[in-house]
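Okay, so here's the structure we're looking at.
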Amino acid sequence: MTRSRIPSLDGLRAVAIAFVLLGHLRGTRGFPDSDLEYWLGNYSNLGVLVFFVISGYLITTLLIQEQANTGRISLRLFYARRAIRIFPAYYAFLAVVVAASALEWIQLHRFDLITAATYTVNYYADRSWYVGHLWSLAVEEQFYLLWPLTLKLLGIRRGMWVAAAMFVASPITVGAMRVLIKSDLRDLPIFPAVAGGLAVGCLLAGFRPWLWTQRWYLWLLDSYLMLTLPAVIILLNRTRSSTVGAVFGEPIIYVCIALTMDSCIRNYGNAIGRALNSRPLVMIGVLSYSIYLWQQLFLNRYSSSPWAEFPVNIFAAMAVACVSYFAFEQPLMKLRTRFKAVHKSAKEDAGGR
C-alpha cells in the first residue's frame, strides 16, 4: 500500500473483477457447471455495481481534494488525466476487435463500432458480445464528463444535492422502464437508470469528513454488523431480475457496498483489510481495468475457438491484460504527471517570486 492509493480499494476492485470473470466464465466450454447464479444472482453484474460505487467515491474524493488544495477544479487537467488513463487501452482494444472483424474471425455490426467508439454502447440494445461489456465503461465515461462539470459549476455542497437526486432518480427510472416498456429495451442500462451506484459513491465522499466525526457511524464501521452486509447484498442481488427487486433492492445494495467499502478503508489493518491489501489482490485490482477490457475476447460461451475453452481462456485473458498494462498503459500513465493540479501554496509561492 502506498500513500498515493486509498487502502483496500484495489482489493475491492479485485473482488469486483472476480465476480465479472466468474459470471463470464459460466457456460464456456470446460468450465464446471455450478449453482452459483442460483445462490448469488447475477454476480457478474454485481461486480459492475461495486466498480460504480468505487468510481463515484474515488473521483469525488479527488475532485474535493483538488478544490481544497488549489482553490478550483480544473476540467482541462481532469479530462486530460482521464483520457491518458482510459483511452489508449480502450481504443487499442477496439482496434483489435475491428481487425478481428475484418479478418472474419468475429462478427460485428456497424452500430457496435459506432457506439463503442463514442462511449454510447449503453444506449444500444443489440450490441454484440465482443463490445457488450463496454456498456459499463460508457456509463463511467459519461459520469467523468458530467460530474466534474457539475461540481465546478455548482460547488461541492450543491453538487451533493445533484448526487442525491441521481440516487433517487435511478430506481424511479428503472421502475418506469420496467412498467412502461414491454420489449428488451426495458433493461437498457441508460445513464439515469444505473447512476445510483455512482451517486452513492459521490455522497459517501462528500459526507465522509462529517460521518467520520460521528460516534454512531464509526461504531457501525467497526462493528461485527458489517460482516452481515455481504449476505444482505447477495440476498438482494438475487431479487434484481424482478421489478420490485430492481427498484427497491438495488438502492440498498449500493448503500451496503458503500458501507462495506468505507469499513474496509477504515479497518485496513484487520484480517479482512490485510487480505484486501495483500500484494496479489492489490495487483489484480490494479490490473482490473485491463482485465475487464480484454477478457471479453476469450470468456465467450458462444465461441468454438480453442482460446475460448476453460482454462485456456482465463489464462489468455490475464496474459493479454498484463501485456496491455505493463507494456502499453503503464508507460503512458507517466504522462499524467504533466497534468497534475498545482497546490494552492505552490501557486502563491510562484506568484511571490
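Just so you know, glycine gets a Cβ as well, placed from its N, Cα and C.
Annotated features in TrEMBL:
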type: DOMAIN; residues: 7-323; note: domain 'Acyltransferase 3'
type: TRANSMEM; residues: 46-65; note: transmembrane segment
type: TRANSMEM; residues: 86-108; note: transmembrane segment
type: TRANSMEM; residues: 159-177; note: transmembrane segment
type: TRANSMEM; residues: 189-207; note: transmembrane segment
type: TRANSMEM; residues: 216-236; note: transmembrane segment
type: TRANSMEM; residues: 281-298; note: transmembrane segment
type: TRANSMEM; residues: 310-328; note: transmembrane segment
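Across 159-177, 189-207, 216-236, 281-298, 310-328, stretch 281-298 shows the highest tally of CB pairs under 8 A with the transmembrane segment (86-108). Within its own chain, the transmembrane segment (216-236) is flanked in space by residues 39-41, 46, 245, 249-250, 252-253, 256-257, 259-260, 262-263, 266-267, which lie at least six positions past its ends and keep a Cβ under 8 Å from the stretch. Most Cβ pairs within less than 8 Å of the transmembrane segment (310-328), among stretches 159-177, 189-207, 281-298, belong to 281-298. Counting same-chain residues at least six beyond the ends of the transmembrane segment (281-298), those with a Cβ under 8 angstroms from any Cβ of the stretch are 1, 9-18, 20-21, 24, 51, 86, 89-90, 93, 96-97, 100, 129-133, 137, 275, 307-308, 312-314, 316-318, 320-322, 324-325, 329. Looking at the domain 'Acyltransferase 3' (7-323) alone, the prediction's average pLDDT is 93. The list of residues near the transmembrane segment (159-177) in space but at least 6 beyond its ends in sequence, with Cβ under 8 angstroms from a Cβ of it, reads 56, 60, 147, 150-151, 185-188, 190, 192-196, 198-200, 202-203, 206-207, 243, 246-248, 250-251, 254.
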